[in-house]
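Database features (Swiss-Prot):
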TOPO_DOM  1-41  topological domain 'Cytoplasmic'
TOPO_DOM  63-92  topological domain 'Extracellular'
TOPO_DOM  114-125  topological domain 'Cytoplasmic'
TOPO_DOM  147-178  topological domain 'Extracellular'
TOPO_DOM  200-204  topological domain 'Cytoplasmic'
TRANSMEM  42-62  transmembrane segment
TRANSMEM  93-113  transmembrane segment
TRANSMEM  126-146  transmembrane segment
TRANSMEM  179-199  transmembrane segment
C-alpha cells in the first residue's frame, strides 16, 4: 500500500510542465512584434530614400521653370521678344508650389528618421500620411495646370486663335516641358509614399 502512494508525484510534474509552457507564449509574441517592427523599419528606410528622390524631382522642376527665360536674338526699335515663366501666372504658381513642396520634403526627413528608429510608433507615420496626401494634391495641381499651358504653347488653340510659340521660343518650351515632367515624377513619388504610410499603419 505504501508503494501506491508514489502516484502523487504526477500532478507535480504536470504543473511544472504547465509552468514551463507559459514563457513560450511570451516568446512567440515577442517574435511577432519584432517581425512586424523589422518589416516597418524596411518600409521606413524605403520611405526615406523616396523622399530624397522627391527632393531632387521637385527642386529640378522649380529650378528648371525658374530659369526658363529666353530672349530672341532679333528685336525692333520698340519691341524685344522675350518669354519667361513670370509672364504666365500659372508658371509663377508652379515655381512657388514646387519650391514649397521641396521645403516640405526637407522638413519631413527628420520625421521619416523617427519612423526608422521607432518603426512601431503610429503617430509619426500618421502625421506623414496626412501631410504627404495634402502636399501630393498641391504638387498634382501645379503639375496639371503647367502641363495645360505647356500644351497650348506647343500646339496653340485654333478655337481662340492662340498661336503656338514653341517654334520661336524653342529653349523656353523645352525647359518648361522638362519642369512639368519632373513635377509629375514628384507626384508619382508622393503616391508611393502615401501607399507606404498606409501599409505601415495597417501593420501596427
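Using the three backbone atoms N, Cα and C, a Cβ is placed for every residue, glycine included.
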Most Cβ pairs under 8 Å with the transmembrane segment (126-146), selected from 42-62, 93-113, 179-199: 179-199
Residue counts (helix, strand, coil, in that order) that DSSP gives for the topological domain 'Cytoplasmic' (114-125): 8 helix, 0 strand, 4 coil
Cβ-Cβ under 8 Å with the topological domain 'Extracellular' (147-178): same-chain residues at least 6 beyond its ends: 64-65, 67-70, 72, 81, 83-85, 88, 90-91, 184
Close approaches to the topological domain 'Cytoplasmic' (200-204) from elsewhere in its chain (Cβ under 8 angstroms; 6 or more beyond its ends): 36, 39-40, 43-44, 47, 115, 119-120, 122, 125-126, 129
